[in-house]
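Chemist: Have a look at this one before I ask anything.
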Amino acid sequence: MPDTPESPVPVQDEEKTQPDIDIQALGISPADLPPIDTEDETLQRIPWSYKWIALLCIVSLPIGHTWTGSALGPLKNTLRNELGVNNAQFGVISSADAFVNTVFPIVGGLVLDWWGPNLVTLCCTAVILVGSVVAAAGVQVGLWRVLVSGHVLMGFGIAVLDSATQKFFYHWFGASGLAFAFGLESAIANTVSLVSGMVAIPIRDGTGWYGWTFWIPVFFCGFSLIVNVAYVTFERLAVPPRFRLTSGRARAIAEQQNLSDRRRFSWNVLFALPWAYLMLPATQLLQSGAAGGFSTSSADIIFMQGYTEAVAGYLSTAQKILPIVLSPFVGLAIDKYGHRFHYVATAPVLWIIACAMLGFTDVHPLAALVFSSLAGVINSMPLQICIPLLVADQAKIGTAFGVWRAFNNSGSTIMDVVFGALQDDTEGNGYSKVLTVAIAIKAWAFVLGLSYIIVDYRFLVGGVKSQSTADSRTQFGNVGCNKIGRNQHPVGRRGRGLAIDLAFAFTTTELPPSVASPANCSQ
């Protein structure tokens with residue numbers, strides 16, 4: 001007589017629900033354990049006073065390095081003259097923080113999931129502070145290689161800090177408020193970027209030395225470190241244990257597992273990520289570099305059209321205004337209505353219009369920057385929101401965002417150097433070749449966006465498109481929280497490798513078989 005299959009038993013998110021075994025080892029009482037319930041309902045019980053304080057601290061963590069990166073664009077011409085660098089060398093400077101993070105974010109993501117974000121973010125903000133001091137010292141002595149060294153050092157902290165930020169958001173806001181949190185963080189980052197870009201030239205002219213533009217971020221990096229310490233103190237002393245984000249190491253202790261027999265990091269986690277997630281970072285490899293190259297070069301393009309350096313700096317940073325205003329509202333709209341991949345397909349069209357207008361027409365640069373602003377609002381946020389929905393496991397969120405950051409940084413490094421070489425090869429150091437390549441890359445991005453929509457409807461049963469973020473999480477999570485559901489649902493299947501997953505994603509072949517045990521996810 002065949003065995004009767006057991007009815008599926010929903011499993012709670014491992015990092016939000018503590019096991020019942022020896023929980024005193026972590027200083028947690030049984031009363032502190034969250035009730036067995038759905039993840040979003042558990043999150044809704046977290047008082048909003050905790051959520052708002054956490055959100056305020058989290059969005060303040062990247063202020064220092066955001067200020068530093070945004071000041072480079074307006075000072076491109078100044079750095080070329082003062083440090084004696086060519087365009088390719090400036091590309092190395094602007095991409096130095098991303099260069100070291102082509103592989104490191106993956107390792108950092110594994111560390112993030114194991115040790116938890118509190119300890120890791122403290123290390124990251126401290127490293128960023130030291131790197132900002134080295135970069136400013138490089139400007140002080142007039143050595144561009146020292147400036148690059150400082151940005152490289154900052155890069156070790158930046159990418160892991162970004163992944164930690166996303167992990168924090170997912171913990172505090174879950175699926176239902178994820179897009180709003182992303183949108184608010186994007187608005188704050190764009191505000192800092194706007195102010196940094198607009199005051200870079202006035203600081204240089206007002207003080208008589210451009211180096212102050214690099215010393216000011218040192219104070220902001222110190223402020224971010226202080227905020228980080230305040231957040232960790234708040235979370236450890238004020239937040240009840242049942243609402244805290246538990247690290248993989250603490251969970252292993254609570255489960256009475258022998259840590260010496262447990263591997264701290266396993267590369268097999270990378271192969272346990274869903275194919276639906278893996279298709280995003282690989283296919284988007286060059287896209288962030290193309291968008292970032294436009295943003296970095298726009299001030300110099302405007303300057304070469306006959307505007308003063310100060311006006312060019314103001315206009316190029318003005319493209320941050322619309323993202324500041326619209327990002328939170330776009331996040332709310334995505335939370336409510338969905339259609340994430342439709343935003344992904346729309347953004348490249350806006351980028352193409354912006355590049356064509358700025359480089360190949362005589363219209364006022366502000367018109368082109370309006371389109372680039374709209375593209376900036378919907379450029380990366382919908383894709384980043386998809387990552388927690390497709391992974392659907394808090395224990396792998398850090399690793400997933402680490403892979404995403406590694407691919408993005410690789411693309412940024414490649415495109416910054418390529419754009420610099422193309423500009424050096426153009427008569428008069430013009431941007432015609434640079435903008436032509438950017439348009440071609442964004443045209444391919446439009447094709448990718450349409451492909452994502454097809455994949456979503458055909459293989460993900462419209463889960464990414466679905467009406468709300470919570471609905472998408474339910475669609476992905478509920479059907480995949482047991483062996484039967486996960487083996488039958490395309491999102492639950494774990495890919496054999498990136499190449500196989502991508503080949504599947506854009507062809508009509510059958511789904512690859514599941515090769516990894518299902519990860520726990522919330523109902």
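Each residue, glycine too, has its Cβ placed from N, Cα and C.
Below, the features straight out of TrEMBL:
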{"type": "TRANSMEM", "residues": "52-72", "note": "transmembrane segment"}
{"type": "TRANSMEM", "residues": "92-112", "note": "transmembrane segment"}
{"type": "TRANSMEM", "residues": "119-137", "note": "transmembrane segment"}
{"type": "TRANSMEM", "residues": "143-161", "note": "transmembrane segment"}
{"type": "TRANSMEM", "residues": "168-189", "note": "transmembrane segment"}
{"type": "TRANSMEM", "residues": "209-234", "note": "transmembrane segment"}
{"type": "TRANSMEM", "residues": "265-286", "note": "transmembrane segment"}
{"type": "TRANSMEM", "residues": "311-334", "note": "transmembrane segment"}
{"type": "TRANSMEM", "residues": "341-360", "note": "transmembrane segment"}
{"type": "TRANSMEM", "residues": "366-391", "note": "transmembrane segment"}
{"type": "TRANSMEM", "residues": "403-422", "note": "transmembrane segment"}
{"type": "TRANSMEM", "residues": "434-455", "note": "transmembrane segment"}
Chemist: Using a threshold of three or more Cβ pairs below 8 Å, and leaving out pairs closer than 6 in sequence, do the transmembrane segment (366-391) and the transmembrane segment (209-234) count as in contact?
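Modeler: Answer no, regions not in contact.
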Chemist: With pairs 6 or more apart in sequence, are the transmembrane segment (341-360) and the transmembrane segment (403-422) linked by at least 3 Cβ pairs under 8 Å?
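Modeler: Answer no: the transmembrane segment (341-360) and the transmembrane segment (403-422) share fewer than 3 Cβ pairs below 8 Å.
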Chemist: Any residues 6+ beyond the ends of the transmembrane segment (143-161) with a Cβ under 8 Å from its own?
Modeler: 61-62, 65, 68, 79, 83-85, 89, 92-93, 96-101, 104-105, 108-109, 111-112, 120-121, 123-128, 130-137, 214, 402, 405-406, 409
Chemist: Below 8 angstroms Cβ to Cβ, which residues of this chain, lying six or more residues outside the transmembrane segment (366-391), approach it?
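Modeler: Sequence-remote neighbours of the transmembrane segment (366-391) are 166, 170, 175, 178-179, 182-183, 186, 190, 273-274, 276-277, 280, 284, 288, 291, 294-295, 298, 315-316, 318-323, 326-327, 330-331, 334, 340-341, 343-344, 346-348, 350-351, 353-355, 357-358, 397, 400-401, 404, 463-464, 469, 472-473, 476, 491.
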Chemist: With a cut-off of 8 Å between Cβ atoms, can you find at least three pairs linking the transmembrane segment (434-455) to the transmembrane segment (168-189)? Only pairs 6 or more residues apart in sequence count.
Modeler: no
Chemist: Under an 8 Å Cβ to Cβ limit, what residues of the same chain, 6 or more beyond the ends of the transmembrane segment (119-137), are close to it?
Modeler: 61, 64-65, 68, 97, 108, 111-112, 146-147, 149-158, 160-161, 164, 211, 214-215, 217-218, 221-222, 224-225, 228-229, 231-232
Chemist: Check the transmembrane segment (265-286) against each of 92-112, 168-189, 311-334, 403-422 and return whichever range has the most CB pairs under 8 Å.
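Modeler: Comparing 92-112, 168-189, 311-334, 403-422: 403-422 has the most Cβ pairs near the transmembrane segment (265-286).
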Chemist: Which of 92-112, 168-189, 403-422 shares the most C-beta pairs under 8 angstroms with the transmembrane segment (311-334)?
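Modeler: When the Cβ pairs under 8 Å are tallied, 168-189 comes out ahead.
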Chemist: Do any residues of this chain, six or more beyond the ends of the transmembrane segment (92-112), have a C-beta under 8 angstroms from a C-beta of it, and if so which?
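Modeler: Contacts of the transmembrane segment (92-112) (Cβ under 8 Å, skipping residues fewer than 6 from its ends): 65, 69, 72, 79, 85, 120, 131, 144, 147-149, 151-152, 154-156, 158-160, 163-164, 167, 265-266, 269-270, 296, 398-403, 405-406, 408-410, 412-413, 416-417, 420.
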